[in-house]
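Trainee: Summarising the annotation, TrEMBL assigns Mg(2+) binding site to E245, D265, I267, D268, D394.
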Amino acid sequence: MNFVHSFPHSAISVACVVEKQAVIGIIYNPVLGQKFTARRGQGAFYNDQQIKVSGEKNLSNALLVTEFGTSREEEKTKVVLENITKLVKIAHGFRSLGSAALNIATVALGGADLYYEYGIHIWDFMAGMLIVNEAGGYCCDPAGGEVDLMSRRVICASSKELADEVKQNDSKAQMSDMNIDDCYELVMKLVDQAGELVASRNSERKTVQIKSHPTDFVTETDQQVEKLFVDGIRAKFPNHQFIGEEDMSDGKKAILTNSPTWIIDPIDGTMNFVHSFPHSSISIALLVNKVTEIGIVYNPVLGQKFTARRGQGAFYNGRQIHVSEEKDLTKALIMVEFGTNRESEKVKVIMENLNKLVRKGHGLRCLGGAVLNICYVALGAAECAYDFGAHAWDYAASEFIVREAGGITIDPSGGDFDIMSRRLLTANNIEMARQLSAELTQYYPSPRDDE
């Protein structure tokens, strides 16, 4: 476009790649006589003078370069403008030359501090990446990790610290414009595959392994289902992160970052599964920038599938669902659990709350799994559910489904919900949530999922 308009910032860009690594990179703007060159391990040069990146580490002092891009598809344009709106309030300034190659080369020259873009191609950035690296800079995927040369996404920065700060402030850095659709399509296929495995084994005798105590255990099927999801997703999205029940069972912290993160419970209600009680479910959620984008819960034995995508509502077997309209706790069906932890202090709190609620609510129900309990609130079949001691993987998908069905999730004390706190109260509306919260004796599980 620059060349067509005689705007003097067009460039020839060529790289030689050996074993997927650039060994030669050249960018040449013949109109202005700008020639950037690099050979692997030999530094970067501008018109034969060696160059270095600025080394800037602070976003507030940084000059950023990016592009609006040639694609004007509505969703991508929205993302581009949203990110610029957010970053322009923090960064020193924004520039756009209309050429990805020259934008990147300017970072290598030290004339700009960071370049990022979604929708470009390997021929736009391969030479520039080598030149930036040889100039002492840092290149990565916008979600973190190494650049996937075929992903059409890149950050080239003067320092890793600056790249990390931009990632944290870029509201859509973690996903390309079409990746949510791709993620949803992929995970739905994996959910169906996992469901076939779980359903086929529901009535079989299971071999269990004890985890933290005799009522907390795992089966071979739990492990196989989690592996199915991780392997299937990682094959297509290698930079995505995972928080899974079985992956965390060895005491590893569940650290939630801004990167695209899948939170997986391969079988919620493992005790139900072991006893062939038909209320076990697969639960998986995708969070980007710590905001839930996708939530799926599937009970394959009874054919119950709950799905939601951010801003698009909640569905049960393809039919849109809504929470109930009841606002009186005395007319509410309340979902409760005893939980796997039978530590005396927790049992005392559980029984105290049951003693109060059995007299206060319309009725109590217990399915043996936090995930399905919560989904029944989304379905309108119950008004509220609470839990002390469940984990992020027990409710990441289901509480999101409730919210997309018009409900609300809070901390049982009445404050904001914290996904790592192991405490949750979800209800059909704020009035119901406040009434239930006021009745509960509080319990604070330790440690948190991120401790």
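Glycine residues also receive a Cβ, built from the backbone N, Cα and C atoms like all the rest.
Curation does not apply to TrEMBL; its annotations are automatic.
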Trainee: Around the C-beta of D268 (Mg(2+) binding site), how many further C-beta atoms are within 10 angstroms, looking at every protein chain?
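Mentor: For D268 (Mg(2+) binding site), the count of other Cβ atoms within 10 Å is 31.
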Trainee: State the count of C-beta atoms found within 10 angstroms of the C-beta of D265 (Mg(2+) binding site), not counting that atom itself.
Mentor: 32
Trainee: Validating a neighbour-count step here. Other CB atoms within 10 A of the CB of E245 (Mg(2+) binding site): how many?
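Mentor: The answer is 24 other Cβ atoms.
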Trainee: Excluding E245, D265, I267, D268, D394, please set out which residues of the same chain place their CB within 8 Å of the center of the CB atoms of the Mg(2+) site, keeping sequence order.
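Mentor: Filtered neighbour residues, in order: D222, I264, P266, G269, T270, S281, S283, G369, V371, H391, W393.
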